[in-house]
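Engineer: Sharing a structure, written as C-alpha cells. Questions coming.
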C-alpha cells in the first residue's frame, strides 16, 4: 500500500510539474538593487516557476540553479555574436566555459544566440547562422547536442501582413538569413524563438485593435477576428501572431518547427502618453495568458498544442533606458513583493504570487557580523526562540554561517510575535521580505510548507510565550569554538528531554 501511495504521489507531482513547466520567466538584471542569485532562486521556487531565460550566462546565477531542476535558457549576448561567428575555437571555448562547466547540475536546455538580431543589430544579421552553427558544433564535440538546443529569439515584427495569419510571410529582406536559419532549426530539432507583444501591436494600431482583443478578454462571437482564407476564428492577438509565424514558415515549406515564445507581457505603469500601461491591464493580460498556456488551448491553427511561453519579466528593471513603461514589465519588485496579484484560479500553484500575507524576517547580508551574532544570541536566549533546528546535524544547520542562522532565528521570533511592528529590526540588522527563505528540508516558521511538514504541531516552531526556558543556548548556533563535548552533552540532554516528554 505504501509503495502504491508513493507511486501515486510521484505521478501526481510529475504531472503538475509537466503542466507548470509550460510557463517560464525572463530574468533581466538592469535593476538598482538586484537580489542575489540565491534570493532569485528562492522566489522562483516559492512561485513554482520551473523555466527561466537569462540574457547571459552569469556564473553565480548558473551555480545557484544547480540541482534545482529549473530549466534554463542561457544566452550569447549580442556583443559577443561577432566573435562567436568567426571562430570555431571561440564558440568551443564559450561552450566549455558557460555550458559544460555547469551541465548537468544546472539544467541548461537551450542556448539563445543573440536577441532580435535581425531587427536590432542588422549589421550582424549576415553572421547569425554561422554563430548558431559554431555553437551547435561545439555542443556536438562536447556530446551535449541531444540535450541542449540552439536557436535565436526574433521580434515578431520580422513577420509582415500578420493578419489574416494565413497570408503572413517573413520580411523578404531577410530571406538570405531566414531560409538557412529555418533549415538549421529543422535539422537540429530546435524551436523558432519568438517575442510576442500584443501591447505594442495594440498601441501601434491607433484604435484598430480593440483592447479586449489584446488582453485575451472574452469576445462576442460576432466580434472575433476571422481569417477569410481558413475560416479560423481568433479571439486574441497572441494566437494570431503565433499562427502568423506558423504560416510564414509554411510559406517557405517549413511545417514541423515548433514555436517557443521567449518574451510576452504587459507593462504595469507608463508615462503621461502611455495610457494603457496600467496595473489592471498588466494583471489581466498576464493572468489570461498564463491560463491560456497552462490549459494547453493551443492556437486556432494548432489547437491543443501548447506554446511554451516566458513572461517578460520577473523584476521591474528600473535602470532600463526609454519611456516609463520600459521600467515596469516585472511581476515582482526586487524585495519579492508582487507588483500585482495575478488572477489564476484553477491554474494550479504556478505564479501564485499573492504573497502579501506571507512575510518573513531575514538577516541583512551587508551588516556587521558581531551585531548579527549578538542579535542571534538574544533571539535564541532572552527572545525565547526555539533554535534547535540550528544544531549540527539538524535540518537548518547548513549553511553554517551567521547570516543563515540569524535569518532562521529572527524569523522564528517575528512569527512568534505575530509579525508585530518592530519585531523584525534587531537593532537594524534585519528586514522583512515576502520571499520564503525556506530551503530543502529546512522549513521556516510561517512558511506555507510548514503546514505540510509539521501538520498542527506548532510546538516545533517556537516555545510558548509563557515558557521559562530560553529555547536554545546561544553558543551552539554558529559558534565555531563550541567543543565536541559541549555538543555531545547538549545532544544527550535533548534526547533525554524528548524521551520524557
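Residue numbers in this text run from 1 along the chain shown.
Placement of Cβ uses the backbone N, Cα and C atoms for every residue, glycine included.
I grabbed these lines from Swiss-Prot:
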type	residues	note
SIGNAL	1-18	signal peptide
CARBOHYD	88	N-linked glycosylation site
CARBOHYD	107	N-linked glycosylation site
ACT_SITE	116	active site, proton donor
CARBOHYD	171	N-linked glycosylation site
CARBOHYD	253	N-linked glycosylation site
ACT_SITE	263	active site, nucleophile
CARBOHYD	295	N-linked glycosylation site
CARBOHYD	353	N-linked glycosylation site
CARBOHYD	357	N-linked glycosylation site
DISULFID	361-424	disulfide bond
CARBOHYD	451	N-linked glycosylation site
CARBOHYD	456	N-linked glycosylation site
CARBOHYD	457	N-linked glycosylation site
CARBOHYD	466	N-linked glycosylation site
LIPID	470	GPI-anchor amidated serine
Engineer: Would you count the other C-beta atoms found within 10 angstroms of the C-beta of residue 424 (disulfide bond) for me?
Structural biologist: 21
Engineer: Counting only other Cβ atoms and using a 10 Å cut-off, which of the active-site residues 116, 263 scores lowest?
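Structural biologist: It is 116 that, of the active-site residues 116, 263, has the fewest other Cβ atoms within 10 Å.
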Engineer: Spatially, which candidate from the recorded positions 88, 116, 171, 253 is nearest to residue 424 (disulfide bond), comparing Cα atoms?
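Structural biologist: Closest by Cα distance to residue 424 (disulfide bond) among the recorded positions 88, 116, 171, 253: 116.
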Engineer: Here are some glycosylation sites: 88, 107, 171, 253. Which one has the most Cβ atoms within 10 Å of its Cβ?
Structural biologist: 107
Engineer: What is the nearest of the glycosylation sites 107, 171, 295 to residue 253 (N-linked glycosylation site), using the Cα of each?
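Structural biologist: Out of the listed candidates, the nearest Cα belongs to 171.
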Engineer: Using C-alpha positions only, work out which of the recorded positions 107, 263, 295, 361 is nearest to residue 88 (N-linked glycosylation site).
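Structural biologist: The smallest Cα gap between residue 88 (N-linked glycosylation site) and any of the recorded positions is with 107.
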Engineer: Using a Cβ cut-off under 8 Å and a sequence separation of 6 or more, which residues in the same chain sit near residue 361 (disulfide bond)?
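Structural biologist: Same-chain residues close to residue 361 (disulfide bond) (Cβ under 8 Å, separated by 6 or more) are 407, 410, 411, 413, 414, 415, 423, 424, 430, 431, 432, 433.
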Engineer: Whole-number answer please: how many Å between the C-alpha atoms of residue 171 (N-linked glycosylation site) and residue 116 (active site, proton donor)?
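Structural biologist: About 14 Å separate the Cα atoms of these two residues.
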Engineer: Where does residue 361 (disulfide bond) sit by DSSP, helix, strand or coil?
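Structural biologist: It is in a strand.
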Engineer: Roughly how many angstrom lie between the C-alpha atoms of the residue listed as 'active site, nucleophile' and the residue listed as 'active site, proton donor'?
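Structural biologist: On Cα coordinates alone, these residues lie 11 Å apart.
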Engineer: From the Cα of residue 107 (N-linked glycosylation site) across to the Cα of residue 116 (active site, proton donor), what is the distance in angstrom?
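Structural biologist: That separation, Cα to Cα, works out to 24 Å.
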Engineer: Measure from the CA atom of residue 295 (N-linked glycosylation site) to the CA atom of residue 107 (N-linked glycosylation site) and give the result in Å, rounded to a whole number.
Structural biologist: 25
